[in-house]
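Here Swiss-Prot flags 2 as N-acetylalanine. The annotation phosphoserine is assigned in Swiss-Prot to 79 on the grounds of similarity to another entry. Look at Swiss-Prot and you will find 14-96 tagged as region 'Ubiquitin-like (UBL) domain'. Residues annotated as repeat 'WD 1' in Swiss-Prot: 112-151. The repeat 'WD 2' annotation in Swiss-Prot covers 154-193. Here Swiss-Prot flags 197-241 as repeat 'WD 3'. Marked as repeat 'WD 4' by Swiss-Prot: 244-282. Sequence annotations record features per position, and here Swiss-Prot assigns repeat 'WD 5' to 325-366 based on sequence analysis. Marked as repeat 'WD 6' by Swiss-Prot on the basis of sequence analysis: 370-409. Taken from Swiss-Prot, the feature repeat 'WD 7' covers 412-451, and the record attributes it to sequence analysis. Look at Swiss-Prot and you will find 454-485 tagged as repeat 'WD 8'.
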């Protein structure tokens, strides 16, 4: 294949270059070979797939340094000051095999909550949708008919945080008076006893990963009271209390390698060993409250054993024994994680983000500046290659997920951007704003794909189902909206 490309170039008398394919980790593929300078990504794809000898050709993207080859190699080289006398390294990146299409219309406007909708979350397979509200209830919605399913009463204050277990069989909800309740989405009934112990409101909930424990027994909570607690949901008791933060803990992540990460208004992020609660290290660098953080492996941890490329039109529960689910989740996690340890990105009231490798080092990999106001949310794309951050400065910014390098600003909202969600194929991003709209962004083109007005007031919460079929949003108008293509 490489020889055929070279022969064709000779026939056309085009300038030629010596190139070498390598993967993102620097692993060489084949030997250097000769290509015409005007070679297109389609031709590179043919050659690269021939060298990879895959049964099914992979969709690939190609990069010279950080610049993607969009129309031809020559055009990309013109925009980069690249030395073409030597062998030119071309990095290939496998892309998602399936494609998520942008949602374009609101298919349902679901009323039922009597106060603002504070959080919305699809279950790991996209079968269920849950919402938490200022009216003290959690609601489950039937996605096949797009109608209310169950109203769950038990909290006595605003429901601030909800989180699905990675097997999709339980939802944890935390409220303003510090209590945590567990719910069964198939019945709408409370599971086990109320988990009480925090003295102030719950700021975050995070489950132990499926590949670590397929029974999904443990959930961690963070609170305004400055502590993190690990709960045994089967026994209904607090297993461990992690103390050390001097102010409110704002968010929490249970990583895939046995570490828990907590971020706080004391400007630090603490890294804990989940199985015994030992503090491993404290990450310092932010000049103000740390509001938000995300892991490069978040999508694999959220979806566990669910593979979106194999999803059916009507989402189902996960099938298989606990051991099979554990093995599937572990292989998906390892594939996502790659060679290095998971990366963490944090966003702060000081307008900056930091990229960390928290399992290895307490110093940040890089500091990311550019936002003009505090950062509300930060998220890695499902393939972990891009970080998106949403801010009170009305913009969303995109950053390289490995280096932290600034890539682009997505502008269009006319007020604060509260929350963002990625499509499963990492090609699209949806944002919800104080300006009452949702917007869908094409990440590669770095432009607006779809403007979605419809809410009557601020949009606080947005989520994209893991199978890519639906977006759900909620906010101050008490209405939950479902959007489809």
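The backbone N, Cα and C atoms fix where each Cβ goes, and this holds for glycine too.
Look at the repeat 'WD 1' (112-151): DSSP puts its residues at 0 helix, 22 strand, 18 coil. Counting only same-chain residues six or more apart in sequence, the Cβ atoms lying under 8 angstroms from the Cβ of residue 79 (phosphoserine) belong to 67.
If you take every residue in the repeat 'WD 2' (154-193) and average the pLDDT, you get 96. Each residue in the region 'Ubiquitin-like (UBL) domain' (14-96) gets a DSSP state, and the totals come to 19 helix, 30 strand, 34 coil. Long-range contacts of the repeat 'WD 4' (244-282) within the same chain, counting only residues at least 6 positions beyond its ends with a Cβ under 8 Å from a Cβ of the stretch, are 200, 203-209, 211-212, 220-228, 230, 288-295, 297-298, 300-301, 333, 337, 341-342, 344, 346, 348, 356, 358-359, 362. Counting residues per DSSP class in helix, strand and coil order gives 13 helix, 10 strand, 19 coil for the repeat 'WD 5' (325-366).
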